Each structure stands twice: as C-alpha cells, then as structure tokens.
Amino acid sequence: PLFDKRQRCCNGRRGCSSRWCRDHSRCCGRR
C-alpha cells in the first residue's frame, strides 16, 4: 500500500530523488 511506497522512498537513495517521495516521505526532506 501507500505505506510501503513511502518506506521504499526511505530505503533507496534513488527514491528520494523522485518528487513524490520528497513530498510524501518523511525520510526524504519533509520532516
């Protein structure tokens, strides 16, 4: 689900370059 998608943003550094990850994942910028 959505949580898994966010978690994947956190795990991969590449994920953080995606704008969706930066907007929705706490690990990637938005705190």
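Quick reminder: no glycine exception, Cβ is built from N, Cα and C everywhere.
According to Swiss-Prot, the feature pyrrolidone carboxylic acid maps to GLN7, an assignment based on a curator's inference. Annotated disulfide bond per Swiss-Prot: CYS9-CYS21, CYS10-CYS27, CYS16-CYS28, in sequence order. According to Swiss-Prot, the feature cysteine amide maps to CYS28.
Annotated features, which come from Swiss-Prot, shown on the structure.
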residue: GLN7; record: pyrrolidone carboxylic acid; CB count, 10 Å: 14
residue: CYS9; record: disulfide bond; CB count, 10 Å: 24
residue: CYS10; record: disulfide bond; CB count, 10 Å: 14
residue: CYS16; record: disulfide bond; CB count, 10 Å: 16
residue: CYS21; record: disulfide bond; CB count, 10 Å: 21
residue: CYS27; record: disulfide bond; CB count, 10 Å: 15
residue: CYS28; record: disulfide bond; CB count, 10 Å: 21
Where CYS9 (disulfide bond) sits in the secondary structure, as DSSP reduces it to three classes: helix
Coarse DSSP state, helix versus strand versus coil, of CYS16 (disulfide bond): helix
Integer Å distance between the CA atoms belonging to CYS16 (disulfide bond) and CYS9 (disulfide bond): 6
Cα separation, CYS21 (disulfide bond) to CYS10 (disulfide bond) (Å, whole number): 8
Rounded inter-Cα distance in Å - CYS27 (disulfide bond), GLN7 (pyrrolidone carboxylic acid): 9
Collapsed DSSP category at CYS28 (disulfide bond): coil
Between CYS16 (disulfide bond) and GLN7 (pyrrolidone carboxylic acid): CA-CA distance (Å): 11
Whole-number Å value for how far CYS28 (disulfide bond) lies from CYS21 (disulfide bond) (Cα to Cα): 7
